[in-house]
Amino acid sequence: MSSDESSDGLEELQSLKALYGQQEQEKPAKIKRERYIPKASQAKELNYVEVPMEKVLFGDRQRLLTNLAKSVGQKLPNDDEDEQEENPGQAKPGDKRKAAWSDSDDEDLQVGDVKKATKHTGPLNHLRKDKSYKEYLTARFQRTLNQPKWAEKKVKNEDDEDVSSDEELLRTVGFIDRKARNSDLPQKTLNFKRVKDLNRATYAEGNATSIQFHPTSTAALVAGMNGLATIYAVDGQKNERLHNMRFKKFPLACSRIAPCGTRAFFGSVKPFYYSYDLLEAKESKLKLPGAMEFMHRFEVSPCGKFIVTAGKFGAIHLLTAKTNELLHSFKQEGKVKGFTWSSDSKRILVCGSTSNVSVLNLRQNLIEHIFMDDGCIHGESIQLSPNQRLLATGSQEGVVNIYDYESIFASKAPQPEKRFMNLRTAITDLQFNHSSELLAMCSSEAPNAFKLAHFPSATVYSNFPAQNEKVGFVTSMAFSPHSSFLAFATKGKQVPLFRLKYFKGY
């Protein structure tokens, strides 16, 4: 059909519509129609609604005009308004969400195919049998209930185009709380669970002397006085054995994994130590240089280049990790009990059998500073937090002092920020977790003598350990790289393992 013919047809329709409208206005507002009313006896047999013949043949006047307009390919100006009046609850096409799928059977299904007159429903003459059943249900639902807000399509802003996938998830999944994801570690109660022992696959190490988690893999190294070191997979359920390293007539007093994760060092009371290549599974026996007679207590620097070890009569030896070369020897008052590295590998803090703590400067190869541990008579252990803000010292009297690391250089008798007196026997070991939010303290002289402290509140968890928890005599502890696990080395065969549920990953 050409455009000229369409325009002519539209003009005829408009004139026809105006004529019909004038006739409608001239008619009275209400026309009384005479209707045959059957008797009561005939009412049951007759069950119909009388419809004018002109409506049956041609439909409503407005519908007739609409159909005529469609036949000439044009749309009346007020069609949209009429559709909105007929379906007030129906959303605009632009506001409608795109259906995830469409079923052609739903479009073909009509009301007459579903709705059948029964003795319960009565006559259904008020329904249009040729109407789509889908539209019928939609209109019925919208009449009963308004569309909920969550079903309304929101207008997308230009600023939301760069929203990350995480924000998309948080916006669509309502039960995820952004604040809960970034919440702080609870300071009153700790959510934990004791899982299977770390060395449950063998229990062959004897009295465990040291534990260390691998820095990059989900594995842990357990060494004992039987001269056996085992690497276990850490999952909290099976904890399968991955590899064994046996050293004949060499009781393992201390073992450490290098920060690179490819090499491990094992020391004892012998005048030599072992370096083990974890990738090639090869061991190297190295003789201690100089006058060194044992290596039963040592630590590897965070950079992996140096090893500091305790000697006789307060001697502190500094070795190279690769070449086994003695770089320097320091001397302090009293027997060396413990030491810890600074994160930049430039300082070593050492505690001894006296009340003094020494700070060694590796650049100048001298003792940079000495201060007295407040209230301490005999020192036992020392640990510097990973964030370099807190320094924890443990004494033989069972007291744990917490210092501000920067403030210890300003005085020879600094005052601690916090003092823990929850344990009554010598503090054997101190360990901070990776985020410096937890401090684990233990004593090997009493059963189940270990506690966890929360920072920055500086409070001790009252529910850890549990009231009837049996762990044994704890000699040392270790956190996994992301603090999800906490393991204890004991004087027995077991290495208890705890899962800290607040921390995710490994």
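Cβ from N, Cα, C; glycine included.
According to Swiss-Prot:
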REGION    1-44  region 'Disordered'
REGION    69-126  region 'Disordered'
MOD_RES   SER102  phosphoserine
MOD_RES   SER104  phosphoserine
MOD_RES   SER164  phosphoserine
MOD_RES   SER165  phosphoserine
REPEAT    203-242  repeat 'WD 1'
REPEAT    331-370  repeat 'WD 2'
REPEAT    469-505  repeat 'WD 4'
What is the number of residues in the repeat 'WD 2' (331-370) that are helix, strand and coil, as DSSP sees it?
0 helix, 24 strand, 16 coil
Can you tell me how many other Cβ atoms are located within 10 Å of the Cβ belonging to SER102 (phosphoserine)?
8
Check the DSSP secondary structure of SER102 (phosphoserine), expressed as helix, strand or coil.
coil
How many helix, strand and coil residues does the repeat 'WD 1' (203-242) contain under DSSP?
0 helix, 20 strand, 20 coil
How do the residues of the repeat 'WD 4' (469-505) split into helix, strand and coil according to DSSP?
0 helix, 16 strand, 21 coil
Quick one: average pLDDT across the repeat 'WD 4' (469-505), no decimals.
94
